[in-house]
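Asks: One structure, as structure tokens, below. Some questions next.
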Amino acid sequence: MINNIYVILMLGLIVVSGILSSFSDFKYGKIYNRQIIILFGFGIFFQLIWLILFDSHMLVVYLLNLIIGTCLGYFLYYYNIWAAGDAKLYSLFLTLVPVVIYPIKGLNIFPGFVILVVIFAWGFLYIALETIYLFLQELFTGRLVDLQKPGFSAKALFEMLPFYLFAYIFAFIYNDLLLRYVADFYKSNIGTLKFLNFAIIFILLSKNVSKKFFIISSICGTSYIIIRFVFLSTGKKFVLNISVLAIVTVIILVRYLAGRYNYKRVRCTELKPGDVISYGTVVSFLNSRVKGLPLFTTESPHSRLSIEEVKSIIRWSKSKYGNDYVYVVRHIPFAPFITVGTFFYVIYKIIVL
């Protein structure tokens, strides 16, 4: 009885948090800190009461799950994969998920990873459907044009080969060492550790590291793989690693194709604080004498327009070198995906239990 009341209470907080956050994300393009802080306070209060009175042995797992999830959310924010509000909302939901649905067997230190997978599954489904819709819209209206996105060239692909070769080799060695020395821990946390694998590769590829470093690292890594194949049979593991990286490659390609529709053309007078303008739009400001124009953008939530910048762009549109239209980055509200992913995960675990 008490167990059911606890689960219903936490699920209710998840629903309330999701509705409020999704509404503000849709209407204002942001998730407000005040909402997060208030609901976080309620969540921590009820969770601590439950953990202290009924489930004290799960306290360490709960805290580890929250800490790892918060760090992961910050990583996704830092690398412009989602906004700061999305990272905070994910941490909030990890705070609210009932601990009674956590796995109690094995060495899993981050149950919240499954929620992340479900969240991005919903997100990719939305992006795929939106891309198909926008493509068909262009096709039937005769407007198949590329929106500020250059295509792949043979030269660009050739220059990328050393970096992707390094990524494949690194992934193989990473998984091979984990399977050899901490197999049980690896099997209990396979999702989290594979994500860490991708994260390390992503960080290395994002940094300004010389091609020479990647080539030398790839040669050393290839030597290690050859030695492993000479003395031990690891063919099955190698196929597994390639399949995982193949998924990453597909995701990169889908992201590129979807990037064609990253932008939308809007009137300067319709710009709102919080919008994110494109690189091409920023370039068009460089020769202008209008003060207060944004002169840099990362095309991410880090570069949201302020009220003053919106006013400056409107003044620019009426100037000699101005234009009535600019391109902004299309906003994808992620709060609904985080909400739906968390809600369905909790419901599924309740049904299974």
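In case you wondered, yes, glycine gets a Cβ from its N, Cα and C as well.
Just so you know, TrEMBL annotations are computer predictions that nobody has curated.
Not measured: the values here are computed from a predicted model.
Sharing the record's features from TrEMBL:
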type     : residues : note
TRANSMEM : 6-24     : transmembrane segment
TRANSMEM : 36-53    : transmembrane segment
TRANSMEM : 59-77    : transmembrane segment
TRANSMEM : 89-107   : transmembrane segment
TRANSMEM : 113-136  : transmembrane segment
TRANSMEM : 156-174  : transmembrane segment
TRANSMEM : 186-206  : transmembrane segment
TRANSMEM : 213-232  : transmembrane segment
TRANSMEM : 238-258  : transmembrane segment
TRANSMEM : 325-348  : transmembrane segment
Asks: Mind checking which residues of the chain, 6+ beyond the ends of the transmembrane segment (6-24), have their Cβ under 8 Å from one of its Cβ atoms?
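Replies: That would be 30-32, 35-36, 39, 42-43, 46-47, 50, 54, 85, 89, 92-93, 96-98, 100-101, 333, 335-336, 338-340, 342-343, 346-347, 350.
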Asks: Verify whether three or more Cβ pairs under 8 angstroms connect the transmembrane segment (59-77) with the transmembrane segment (325-348), leaving out any pair fewer than 6 apart in sequence.
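Replies: Contact between the transmembrane segment (325-348) and the transmembrane segment (59-77): absent.
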